[in-house]
């Protein structure tokens, strides 16, 4: 089924979502399953880059949400550490054997949890981490220990999502756009990127940077303030904005301490960039 009819079917299901349940069978269930399988395989994605920026496919988010209406929770015997779990969403690796993992081409360390409909590209390394429904992790990226990739988040190629970092999702609270981490980015330990923020290509976030849609991102060199996106090749650290009136509290912000171009980045390690 081409994408246009698939989209039309999902939009129609969304309008009558209250009628769906775990007892729903036939074409209604099949169309949602087709979308989830395509997301899982990476042939569809919730957000796509084009020449004029990113396009979010809302209908794919709707399909993910509809899947929760169509399934009851069940005991899952292959949870973290082999412990049983009880959930509506099966794990991506259910039933996988040596051949299936080798075919997929990525590594998943014990303790890595990926829910079905998330796409993991070849040459990804998953440390004990969590990747939620509808997310996409592209090739050459490492998701480090205790990092989380939220629902429908998009992680680019050759990124490093450091230990304990959080990449926000879109399903709860419902957000218009997923978090997007473009290619060649480094997200420092215990940082959080949420509420549809876009971290553009080649950027470096130091440890403990918190970014939401309303976070002010201040360019130290120019004074320019960005919100909702980190410009390409920025090096960002936590900071504070002074109060407008004496005696009032300062407000947290993020600070672009410098920019690097691709030539500089190719010759300079990430650690050196953060220690300037």
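The chain as shown is numbered from 1 upward.
For all residues, glycine too, the Cβ spot is worked out from N, Cα and C.
According to Swiss-Prot, the feature substrate binding site maps to 107, 144, an assignment based on sequence analysis. Taking a C-beta cut-off of under 8 Å and a sequence gap of six or more, residue 144 (substrate binding site) has these contacts in its own chain: 127, 129, 160, 161, 162, 163, 165, 189. Secondary structure at residue 144 (substrate binding site), as computed by DSSP, is coil.
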